[in-house]
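Peer 1: If you scroll down you'll find the structure; I have some questions about it.
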Amino acid sequence: MATVANPGPAASIATINRARRWMVAGLCISIIGTRIVQGGSHGSVANGTLPVIWIAILATFGYAIAFAAPITAKILSRYNPARVLVWSEVTECAISGIALAALFLLPQHTIPILVTYLLMAVFFPVVGDVVEEFYGQQLAQLNPQQALAFNSTIYAVLAAIGLVLAMPMGSVVAGYSLTWLIAANALLSATGCLFRLVASRTVVTAPVADQDIDDFGPLGKKSTLGDFLRDLTLTGPASPAIAFITQIGGSIGGMFVYLWIAHNTGWPTATALGLVIGLFGIGATIGPFLAPLLRRLMSTEDALILVFGTCLVILAAAVLGVTFLAAPANWICGLSYVFLIGLATRCSTVLITTLRQQSFRGSRFTAIMSWSFSMNALAAIIGNWLGYALSVNQYPQIGLLVYLGAIAVVFVVVWRFRHSTKPDSQLVTP
């Protein structure tokens, strides 16, 4: 069996810190390009370049690719995660260059070129999500605190840059020039590639598939079908089943409720929705930084109980507020809900992601991580269609109650997991 090329003894804390910072810098630059393209897609719909149904088509296509995360992870687990991120940026930059050339040479086919480019661009965030977690898992094996710092920074960056800056920018740019939109992504991908390349050479990470799984006590042998099913459902907060339940609730109690809030402010709906999304983004930016603070004060399981308990209080208050309060108090309550739920859920995401990275290795980690992504995607598809069918944008209480029920189930699971094991008992250190 292959063994890990363990860089632990040779990689000091300072070296790991440098690698993490270079990798996060590369992510920041790359994600600006990705979110600009996504914002440009919405902007193209808003200005009539693409039909409204394009939003549903692109979202479904993206979630379908994300649902294939187990296959993606199995393939990519054979390779050095840092190098995969570098080559992902190189490929995205090359595709952007080809799209630019096509726009110049075939201006009469602008719409087909744009549609093809947007569909291809959806693939790279999926690869990035999977491999970023591989990279974080490598840091967790070298130093668990570095993994927590890496995850909290990534989730904060994704919220701040994606929701507050890049997507609105992309929407504006699309109104002026599709060429500039694609050129910006190409330039940012190339720059992000350079930063990731430095990180990949600062700390050398081994393929996840090379990790010696026999050294991992909770498994100790090749996984059977029974082991696999237990991993999917009975691995506590890190299980894909928990990811599915939380995403179902979040999808139904998310954007549809935000639309109701925006509509009831009395302001122009587009402006109000921008405010709502911005508030969620601010909360989602702050939340990840609470995870390391909570982790210093208590175990991961206790921190999750506190965070999910807080979510229950937030959701219950939101249900009462939108049901019994009159305008403007009801939508002010809604805005408070958006900010607080963004803060709490992103904090819980960082805690769960880090727990998963520290707890599992090798093929078991690949399975649990990738199926969590897959269940997230499936739940998002189901949740969005349920939200539409239940008219949550008109009756937000329905969405909030479903979300409340989902979080209640998760709270019970985490509580039972906490009291059936010692705190952080599954954590494995090299």
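The first residue you see is number 1, and the count goes up from there.
Glycine is treated like the rest: Cβ placed from N, Cα and C.
So TrEMBL says this about it:
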TRANSMEM  22-40  transmembrane segment
TRANSMEM  52-72  transmembrane segment
TRANSMEM  84-105  transmembrane segment
TRANSMEM  111-135  transmembrane segment
TRANSMEM  147-167  transmembrane segment
TRANSMEM  173-195  transmembrane segment
TRANSMEM  241-261  transmembrane segment
TRANSMEM  267-291  transmembrane segment
TRANSMEM  303-329  transmembrane segment
TRANSMEM  335-355  transmembrane segment
TRANSMEM  367-386  transmembrane segment
TRANSMEM  398-417  transmembrane segment
Peer 1: Near the transmembrane segment (84-105), which residues from the same chain, at least 6 beyond its ends, have a CB less than 8 A from one of its CBs?
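Peer 2: Same-chain residues near the transmembrane segment (84-105) but 6 or more away: 23, 26, 30, 33, 76, 113, 116-117, 120-121, 124, 127-128, 131-132, 134-135, 178-179, 182-183, 185-186, 189-190, 192-193, 196-197, 200.
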Peer 1: Find the member of 111-135, 147-167, 267-291, 303-329, 367-386 that has more C-beta pairs under 8 Å to the transmembrane segment (22-40) than any other listed stretch.
Peer 2: 147-167
Peer 1: Please identify the stretch among 147-167, 267-291, 367-386 with the greatest number of Cβ pairs below 8 Å relative to the transmembrane segment (335-355).
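Peer 2: Comparing 147-167, 267-291, 367-386: 267-291 has the most Cβ pairs near the transmembrane segment (335-355).
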